[in-house]
Structure formats: C-alpha cells, structure tokens
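Below you'll find the structure, written out as structure tokens, and then a few comments.
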C-alpha cells in the first residue's frame, strides 16, 4: 500500500522566497539614490551640493532602515524549514511596503528642504515603516502558528525573536506620535534605535545554542 500523502497544506522551501525578497530589497535601496537629483547650477556646485543635505539625510536613514529590515528578514527565514501560501502572500505585502519607501523618503527630503509639510511627511514616512514592521510581526506569527519553524529553534529563541520584532512597533509608533508634533524629534527617535536592531538577538539560537555557526 503506497504511503499516504499529506494534502492538508502545501509547503515549499523558502529559497525562492528569499531570492525574490533579496531582489526587492536591492531594488528599493537602489531607487533611494535615484531620488537625489544633482544641482542644475554648476557655477555654484559646492553650494548646490550642500543644499541637498535633506536628501542625504533621508537617503542614509532609509538605506540603513531597509538594510536593518533585510538583516532581520534573514534572521527570521534562517529559522524556517518551509513556507506555505499564507507566508508567501504576507511576505509579498511586506515587500510591497518596502518598495514604497523610496517615495516616502523623497517626500521627507522635499519637506525638509521646503520647510513645509514636515509633520505630514514624517507621519507618512513613519507610517510606511510601521506598516512594514506590523507585516513583519504578522509573518512571524504565521510561521509560528503554522509550525513552519526549524525544530532546532526552541521556545526561548522564538520568543526572543518575537520580542525584537514586536518592539519595532513601539519604537516606530513613538516616533510617529512625536513626529506629528515635533517632526525632527520624531525622525531622531526612529533613527536612534537603528544600532540596536543590527545587534544579535540574545537567545535567538535557542536554549542550547550560544553562538551562530559560520556559513558554509
């Protein structure tokens, strides 16, 4: 008698999902620099380049933020055995928001340059980031709910990763609330937490693993 096939849920390797996601992240960070337009008056080139400081600031912040999302996206999917249709759909929504960030970045830079509409631009910028963070948490919740995580990741590691992802909602939400009244302070709050999100997550390797194994 042939073995019974499990047909209740179709799953697949996360390799193609990661490859597609990496491509979207790469395109998003490339589009950021295309929003920086060179000055038209080459007779005052130095002054013109200096006047572009809002674009440099917004570019740097967004590049590091997208890089941070990319790093934590790999942290998440390095712990995944398989993905299902729900994860594919949710990850697509996440990538859609990431691809919107170059527009939010350009809006913020223009508002800084014009010194008008700063509150609205910070709320739009922060709202884009918050939506991405919310989708990140939803993807993680789906992975846990559907039991798609690597069995080697124990409950301690899973909770540690989940806490890190959930904290981003509070961090970015605080920046949005403050930015609605004091725009520069809101941007500063969003930027201030960036270094922490590039650090390893304590406990992410489970109860027994204390160090990341080098890649082959």
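Cβ from N, Cα, C; glycine included.
Keep in mind that TrEMBL annotations are predicted by a computer and have not been checked by a curator.
Taken from TrEMBL, the feature transmembrane segment covers 17-36, 56-75, 87-108, 120-140, 165-198.
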Stretch among 17-36, 56-75, 120-140 sharing the most Cβ pairs under 8 Å with the transmembrane segment (87-108):
120-140
I need to check the long-range neighbours of the transmembrane segment (120-140): which residues 6 or more away from its ends have a CB within less than 8 Å of a CB in the stretch?
65, 69, 72-73, 76, 87, 90-91, 93-94, 97-98, 100-101, 104-105, 107-108, 110-112, 161-162, 165-166, 168-169, 172-173, 175-176, 179-180, 183, 186-187, 190
Other parts of the chain folded back onto the transmembrane segment (56-75), taken as Cβ under 8 Å at six or more residues beyond its ends:
18, 21-22, 25, 28-29, 32-33, 35-36, 98, 101-102, 104-106, 108-109, 112, 129, 132, 136, 161, 164-165, 187, 190-191, 194, 197-198, 201, 204
